[in-house]
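In what follows, a structure is listed as structure tokens, so that the remarks can point back to it.
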Amino acid sequence: MENSSESDLFMSKISKENDFLLGTIYIIFGVLSLMGNTTLLFVAYRKRSSLKPAEFFIINLSISDLGMTIFLFPFAIPSAFTHRWLFTEVMCMCYAFCGVLFGICSLSNLTVLSSVCWLKVCCPNYGNKFSSSHARFLVAGVWCYAAVFAVGPLSGWGQYGSEPYGTACCIDWHAPSYSTPAMIYIICLFFFCYIVPCTIIILSYTLILVTVRGAQHAVQQHVSPQNKISSVQTLIVKLSVAVCIGFLMAWSPYAVVSMWAAFSDPDLVPPVAFALAAMFAKSSTLYNPMVYLVFKPSFRKSLCRDATKCKRTLCPCMCQTDSQQKATASLSKLNTKDNCNHTWVSNGLNETHQSSRHCPKRQTGHYLDITPQKTARILVGSTQSEVAVSQLSIEMNSDFL
């Protein structure tokens, strides 16, 4: 990077105002991604004993997102603010290697997750046999698959170089114009790391959607509208679809611009287009923790429980005051109650708790308090049964929480 030609490659090709805006956005993305993914990993560690096999892929996705945040943002942010790549050519290759490794790992991880969801929903006879050991094996396979394409340019199959906008590094999109191995690498990368994963993801969730709708139609024919079954599998599928859509929306602009540069003259592609596409690609690190921490009940409740413990540890005086106020309020409610016989009747559903009170005049005594029991309807084939949630296994019980 000592001669003028190499120095020009690492100079920014966009305006200083756009670079400053890009650096500011990268700071926001980096902070949110670091907080979100570390929080998600902490919650997963706290509930590690009750993790389901499919949730191993969510943890792996957070690890790859966190790796991209740690190894890419600290180099991209100062380079954007200084209007040039600040580091050496070796660091440029390391930056590009990490970007390809973690990016392909995330996309491959989502592909495997969609296939596992399809197996569990559409083929339950085989999906129920999917265990944690299978999940660990597939996670290792995802990293090996990503490593093959990340190591390729380091071994002569393809090349790493500066991005067309100058302040970051990735695959050298000029190399296919004069190198046949580089062209073959780009074609394989586009086909096996974008077209095939996207096809599998779309096909898997389409089949899942058809299966879930068919199951809902069958349930509506056998169960009254007041007692519809809320499927945990449907929730997992919705969350997985949300993460996949966010990831594909983030990476699709970069894939389109990259193919434009690889199969035509790269100089015809505006540098701003590459800069915006790279910014959208880096935003993919935000979606996974946002979706699962906000919308998955077990993760959200675990986070709230840990936050409450932390609050009690850091602010014991405040928590003690709050508990005293709650105790006083509960005692006042008890003192205002009439002495009468209570009989509570519940059908087991949260939305339809019913109660009846029998309070004969001028009659006092002890009251009967029957706590409502939550029940779950289990559909097996065309038959259904209703059991108490407390009688389910620990794994099934955690789904209802």
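Cβ atoms here come from the backbone N, Cα and C positions, even for glycine.
Because the structure is a prediction, the values reported are computed rather than measured.
Residues or ranges marked as transmembrane segment by TrEMBL: 20-45 (among others).
Under the heading domain 'G-protein coupled receptors family 1 profile', TrEMBL lists 36-292.
Per TrEMBL, the feature transmembrane segment maps to 57-77 (among others). Away from its own ends, the transmembrane segment (57-77) comes close to residues 23, 26-27, 29-30, 33-34, 37-38, 40-41, 44, 51, 86-87, 91, 94-95, 98-99, 101-103, 105-106, 109-110, 112-113, 116, 135, 138-139, 142, 167-168, 243, 282, 284-285, 288-289, 292 of its chain (Cβ-Cβ under 8 Å, at least six residues beyond either end).
Taking Cβ pairs closer than 8 Å, the transmembrane segment (83-105) reaches residues 1, 6, 10-12, 16, 19, 60, 64-65, 67-68, 71-72, 75, 142-143, 145-147, 149-151, 153-154, 160-162, 166-171, 193, 251, 281, 284 in its own chain, all 6 or more past its ends. Marked as transmembrane segment by TrEMBL: 83-105 (among others).
According to TrEMBL, the transmembrane segment annotation covers 137-157 (among others).
Here TrEMBL flags 182-212 (among others) as transmembrane segment.
The feature transmembrane segment is assigned by TrEMBL to 232-252 (among others).
Among the features that TrEMBL reports, transmembrane segment is placed at 272-295 (among others).
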Query = Per the definition of 3+ C-beta pairs under 8 A with sequence separation of 6 or more, do the transmembrane segment (137-157) and the transmembrane segment (20-45) touch?
reply = no
